[in-house]
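TrEMBL annotations:
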TRANSMEM  56-76  transmembrane segment
TRANSMEM  83-106  transmembrane segment
TRANSMEM  118-138  transmembrane segment
TRANSMEM  159-181  transmembrane segment
TRANSMEM  201-223  transmembrane segment
TRANSMEM  244-264  transmembrane segment
TRANSMEM  284-306  transmembrane segment
Amino acid sequence: MIYSFLPNQRGVYCLYFCYYLLASEDRTARMSSLNCTHVTPQCPVEATTYGYYPNLPGNIVLCVVFGVCMVLQAGLSLRGRTWTWLIGLLTGCGLEFAGYIGRILMHSNPWNDSAFRLQIVALILGPSFIAGGIDLTLKHLVIHFGPQYSLLKPALYTWVFIGLDAFSILMQAAGGGIAAAANHDNASLLSTGNDLILAGIALQVAQLVAFGVVSLYYAFNVYRHRKAASLGTRDAPTPAKLEYFISMVAVAYVFILIRCIYRIPEMSGGWGSALQRDEPLFLGLDGAAVAISAIALTFAHPAVFFPVMGNGRKPAAVPPSVHITEK
């Protein structure tokens, strides 16, 4: 009895020892010799990067939300010819959809390496494309209300803010690609990928904050001169539609910013940090936050609520005597 008990007890102690080794920064390298592909007594779920089985209902709900938004964005953008908007929102929602497919697959097998890599890259990049759609609106609002109240010429908003967003996407894509391609025994390469992702997200937060400041400055100027702010075109939406559109863009902006701010401490802790292992926090501050942004931008689509953003047609000019009246 004693001899039959000792090996099992020794195995339990070894298992706990391996688990605590995994909690250190180089836990991935220490587990490389296990070559884990499925959850087993030797490869427990606690030894994975996230340390849990992804919640199936929560990830399915998010997957469905982004799938529906993706389809609606495609249909509405084709109708309204909002091609640049289509690129940002369709790509963003599509990446989010793919990312949650990866997490659903990880529910069945947390050691599924392909699913893990898919969700890393997709969920890192998706919100950046959605943010690009938000950036695009400021240029068109400046054209609509009048560039004389703006710090920059309308075209410069695209170059500055979408340019910075694109650069942050490239940094995050490079980091995500490096992290996804790193072997389990290459902690240095994983760290490099993580640092690039973190730098890209930090740049995006700075860009979003600057975008918010410039937008508020412009909104304040328009409000001060609202009697003289031109409606611009006959295709201009009614005030109620325009107010709804601007409100939903503001909601989307706030929740994308929340997500990006959350990602900074989450990524700065390294792979397998306490924040990365907190799924409810992730589903709330990343998944739900981005989903709210996608829903807001889908149900306030510019094809319906701000059609002057559509390309491929020239809006008809209105007489300069048409003004916004003060309430």
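The backbone N, Cα and C atoms fix where each Cβ goes, and this holds for glycine too.
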Q. Do we see three or more Cβ pairs under 8 Å linking the transmembrane segment (56-76) and the transmembrane segment (244-264), pairs being at least 6 apart in sequence?
A. no
Q: Report, as numbers and ranges, every residue of the chain located at least six residues beyond the transmembrane segment (244-264) whose Cβ falls under 8 Å of a Cβ in that stretch; write 'none' if there are none.
A: 127, 130-131, 134, 137, 141, 198, 201-202, 204-205, 208-209, 211-212, 237, 281, 285-286, 289-290, 292-294, 296-297, 299-300, 302, 305-306
Q: Residue list, the transmembrane segment (83-106) vs rest of chain: Cβ under 8 Å, 6 or more residues beyond ends.
A: 50, 53-54, 56, 59-60, 62-63, 66-67, 69-70, 73-74, 77, 112, 114-119, 121-123, 125-133, 136, 287, 290-291, 294, 297-298, 302, 309, 311-312
**Q.** Sequence-remote partners of the transmembrane segment (159-181) [C-beta within less than 8 Å, at least six residues beyond its ends]
**A.** 116-117, 120-121, 124-125, 128-129, 131-132, 135-136, 138, 152, 189-190, 192-201, 203-204, 207, 210-211, 271
